[in-house]
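Per Swiss-Prot, the features are as follows:
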- Glu323: active site, proton acceptor (ACT_SITE)
- His324: active site, proton acceptor (ACT_SITE)
- Tyr127, Gln185, Asn208: NAD(+) binding site (BINDING)
- Ser234, Gln256, His259, His324, Asp357, Glu411, His416: substrate binding site (BINDING)
- Gln256, His259, Asp357, His416: Zn(2+) binding site (BINDING)
Amino acid sequence: MRTVVWQSLSEAQQESILERPAITEGANITAAVAQVIAKVRSEGDAALFELTEKFDRVKPASLRVSREEMDAAAARLSETMKQALEQAYNNISKFHKAQKAQPIKVETMPGVVCEQVTRPINKVGLYIPGGSAPLPSTVLMLGVPAQIAGCRKVVLCSPPPIADEILYVAKLCNIDEVYNLGGGQAIAAMAYGTETVTKVDKIFGPGNAYVTEAKRQVSNDFRGAAIDMPAGPSEVLVIADETADANFIAADLLSQAEHGPDSQVVLVTPSPVLADQVTDAVQKQLKVLSRASIAEKALASSLIIIAESLTQAVSISNYYGPEHLIVQTRNPRELVPLLDNAGSIFLGDWSPESVGDYASGTNHVLPTYGYTRTYSSLGLADFSKRMTVQELTADGLQLLAPTVVTMAEAEGLDAHKRAVTIRVEKLQKAQ
């Protein structure tokens, strides 16, 4: 990790060191994904079987995972694993249930009533990546809010063979439409539908460059599907003072660095002594990590920033807008009102990022790459939509009519004006 003193940098240099590396998917990926999407749209299930065999080197007997297969997966899991997943499920459920929107009903003026009601998105698709280790935590983070929101159809796709842990959590979340599908072909199938796979309205979940590009392409097509949020590399920023535990900070930085070589890891502290201690602790802990080579690549482009004060550290963090923000200071709670841009915040010595990744109850699907300025952590609202309702009495319309008529005339919209005046005239004749 490179250490810099913030005050010694020019404004241009400060902006430069906080600039994230460009995400370049490349023309090859864009074209390849477009071909996959076109093939799935034209050939349906046949394309899904062909592409699954080509990319995943698996030839599933069926695209859809049966209820019997899901029950068998549950039976194979250890009780310890089941209990851990159930505890995480309960915590995540509790936090997301608290997010339920309450109906709003306001009389804005006599006889004019406005309401806001919330409805679930009808059909949603969840993408769960494959890889060397299963990701049941991602199923929890997507499946629980979909379940609580009341989405009528929830479709889950994951590359075969699907891990028992993933199938067990799908069962916990009452997801019974699970498919042996990965990559861009899974996104295309959910976005457009096939003979077997249900077309959904919105797609959630992380993935590799091909999945990310497929989500981008289908979200730009009005015939496709909406998506959760833009994707980017994982990142963490730690604000710490001289009271922080250097070993804790090193562990938190490394837990993010092991995600991938493009992960962003930043420590901001007013204490040069702590900065040196963290540098030493990172090197010691790195030696015992199974993914040390990956973490080392991420650390090579990571930073320790020496700030003048915690106030300046907060300013740096707000400018950067990290996905994960850890605050290890003497009074971390006092900084919360000053923090504007972060996906999820972890306060104090006993709140490692890992708890949010798995089981504290918050959602680990977070905006990254600076999108925290405008996007929020995933929650119940993302699986819902708002509708407004207005109802006017005859007296209410007559009271509001002059305002609407004046504004419609100013905008040159005569039909808008007439939709009001024709009613007012009828009321006046009846008097």
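Cβ coordinates come from backbone N, Cα and C, glycine included.
Feature map: annotations from Swiss-Prot on the structure.
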{"residue": "Tyr127", "record": "NAD(+) binding site", "DSSP class": "strand"}
{"residue": "Gln185", "record": "NAD(+) binding site", "DSSP class": "helix"}
{"residue": "Asn208", "record": "NAD(+) binding site", "DSSP class": "coil"}
{"residue": "Ser234", "record": "substrate binding site", "DSSP class": "coil"}
{"residue": "Gln256", "record": "substrate binding site", "DSSP class": "helix"}
{"residue": "Glu323", "record": "active site, proton acceptor", "DSSP class": "coil"}
{"residue": "Asp357", "record": "substrate binding site", "DSSP class": "helix"}
{"residue": "Glu411", "record": "substrate binding site", "DSSP class": "coil"}
Asn208 (NAD(+) binding site) and Glu411 (substrate binding site), Cα-Cα, nearest whole angstrom: 48
Secondary structure at His416 (substrate binding site), reduced by DSSP to three states: helix
Among Glu323, Asp357, Glu411, the one of these recorded positions whose Cβ has the fewest neighbouring Cβ atoms within 10 Å: Glu411
From Gln185, Asn208, Glu323, His324: recorded positions whose CA lies within 10 A of Ser234 (substrate binding site): Glu323, His324
Tertiary neighbours of Gln256 (substrate binding site) (same chain, Cβ under 8 Å, six or more apart): Ser234, Glu235, Val236, Ser263, Gln264, Val265, Ala298, His324, Glu353
Site with most surrounding Cβ atoms, counting all protein chains shown within 10 Å, from the binding-site residues Gln185, Asn208, Ser234: Gln185
Candidates His259, His324, His416: member of the recorded positions with the richest Cβ shell (10 Å): His324
Tyr127 (NAD(+) binding site) and His259 (substrate binding site), distance between Cα atoms, whole Å: 18
Spatially closest candidate among Glu323, Asp357, His416, the listed recorded positions, to Tyr127 (NAD(+) binding site) (Cα to Cα): Asp357
Rounded Cα-Cα span from His416 (substrate binding site) to Glu323 (active site, proton acceptor), Å: 46
Rounded Cα-Cα span from Gln185 (NAD(+) binding site) to Asp357 (substrate binding site), Å: 27
Other CB atoms within 10 A, centred on Tyr127 (NAD(+) binding site): 27
